[in-house]
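Chemist: First the structure, then my questions, so here it is.
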Amino acid sequence: MLESPKFIENDLYNGSHAFTWLADMVGLSVDLVNFLLCQISALFLASLFRSMLHPSKVSSKLRHTFALSIGLAFGYFCFGQQAIHIAGLPAICYIVIRTQDPRIVQRAVLLVAMSYLLCVHLMRQLYDYGSYALDITGPLMIITQKVTSLAFSIHDGFVREEEDLTKAQQYHAIRKMPSALEYFSYVWHFQSILAGPLVFYKDYIEFVEGYNLLKRPSTNGSLDNGKRELVLEPSPTKTVIRKVIGSLVCAFIFMKFVKLYPVKNMKEDDFLENTSMAYKYWYAMMATTCIRFKYYHAWLLADAICNNAGLGFAGYDKDGNAKWDLISNINVLSFEFSSNMRDAINNWNCGTNRWLRTLVYERVPKRYGTLLTFALSAVWHGFYPGYYLTFATGAVTVTAARMGRRLFRHRFQSTQLTRMFYDILTCLITRIVMGYATFPFVLLEFMGSIKLYLRFYLCLHIISLVTIFILPQYIRGERRDSSPKSTDSVAASGSVRDSSPTRVPQAARAALAGGNDLNEDEDEDKHAKCKDNTPQLLLTEQQQQRIEQQNNVILQSQTSHHPQQQQKEQQQQPKSPKPPTNARDAISVPHDQCEMDQLSSKLKEKFEAETKNIEEFIDKTVTDTVSGIVEFKNDLMRDIEFPKLKLPGGSAISTPLDAAATSVGLRKRNISSVHENGQCTDASGGDTAEHAAEENSAAFLKKEIEVINAVVQQANVLPAVLSNGHAK
């Protein structure tokens, strides 16, 4: 039997040795036993935290206090005296947050936290070089992510304008300074102090206060009647059981196969000299794969702990099912069967990817985004040379994978068979590249990694450089054709149309289209500038001005001939809606077409609901108006039928005062005395005058009734006109 890995034994461990007897019984080191005991205890405490310390039963202060107290206890049990670093780093950073200006607080906290972490990394390499034993650097790396992300969120909330922020930055922006209790609870809470995952500050505060469970499942019901259904709190039991089982399976695979492919054999001269190149590739792939299952076990168990406490709820999907992947750190199947490097990176250590994107990738110049992101990731991991070899190789291979995808992918999209062949081929290539690029990460040593790379003849490095710099000169990649709308938009805004008689504007438009190479990689679409295979136009300023004048003349002539068509095309141009500020819909922060489709459907549903409310309001208003007009019309008709009512005593009702004096309950309008000149006459002035007044009143009322009839007819038509689409 091969020798067990080195991390099984370590005499420099400072944590508790109370369970040494259990470690000897199961054949593990005491540091791993302590880690497993704390994580299992956290799993059960998380259930109590969700039920007995529910936000509806206790205050948020009690929940904060309980979470940070258990976290500190776990830290001291696992790391002993080294736990002082768990308290020191966040305490110093909190002082910086409270004392520094928000305009520079993010840089100050990043500098202080990374300096502290790098000092601890350096100390570890000096006294325990190359050890895989559990030590304090793991929790400190998570704490560094927390305090730096909090500082950048404070900077975004207090300093930057909302329109300058990305969707994720808008959601995570903090506009209220955290109290000491909230801050240290966020840093030390027991759910993620040992193995993560990273939780952003706003998500954690919503979890403690109970607001993260108030999101309603999406339904197809309308928004009318103002009714709100009772929303039951989603249960994470099924998700927790599934993740715990997956964690146990990964632990079994790791313990079963890690002894078959020990990493240290790749440094032996016998392995380098007496094995074939194909076997070296196979061994590197299998050794790195076995090590990955150790991370799968730790991350899945940590994710289950958070979910069992109620942390990690990401709302509901379109079918109304609860999602618990807000802070998930790994997607095992998606990573192992990824068909390109971008998918592999996005599904591995997702919390760190979100952290790097938030701090670096979205804030630095786009041309340096990939390089600076890999650099910060390497420094954050420590000073082992193998880390830097892995991230340098990774940066080169990722860039080459993007270029190769752009050059070759479209050639395999003609049939279903070729697409399937391309997916299988790229999946196998990705597995080979991952083994080639990541074995220095687990080997740690510089010379050992370089020797093995030389045995590989640096083949993938050479292939990557050829793909980046040489192949684009001879192989033309796929271009994104301009859609009719975009073409019309360009023409309407002053760009060049195809009908231009000059050849230079056509070449310029082709060069513009060449910059929009088809690429499904969202990082490439947003941050990488594609190389253009079309010849570059080297024009002087005078030539450019002459070309612009020619284009303006052409556009003016076209505008004069087709003004209506151009106006219609401008009206048909779609207006891109402002993205929502809810970052839960883009946890992995991919801004792809699928997300825009979801956004457009939500806006459409909201617009239809508002339109329905407007239609109901208009219908109700018109109905009330028509009913009032009809009642007034009926009153006038009764006045025509009974223009003047005589009482038995021989007197007539001529004015409202007389009607009130007669104690008769008639409430008819007396219009017999109303003349066109606005003067009032006495109703008892004689038969001739009385007859003339009645004729004048009848003629006046008939005209008024005709006008009212026309108004009623138009009012009855108005709802039908609105319902035919004018209101919509």
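Just so it is clear, glycine is given a Cβ too, placed from its N, Cα and C backbone atoms.
Curation plays no part in TrEMBL annotations; they are all automatic predictions.
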Chemist: Ranges 236-258, 420-442: which does TrEMBL label transmembrane segment?
Modeler: 420-442
Chemist: Which range is it, out of 65-84, 285-304, that shows up in TrEMBL as transmembrane segment?
Modeler: 65-84
Chemist: What residues elsewhere in the chain lie close to the transmembrane segment (420-442), defined as a C-beta under 8 angstroms and at least 6 residues from its ends?
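Modeler: Sequence-remote neighbours of the transmembrane segment (420-442) are 263, 266, 281, 284-289, 291, 337-341, 344, 385-387, 389-390, 393-394, 397, 401, 409, 412-413, 449, 452, 456, 460.
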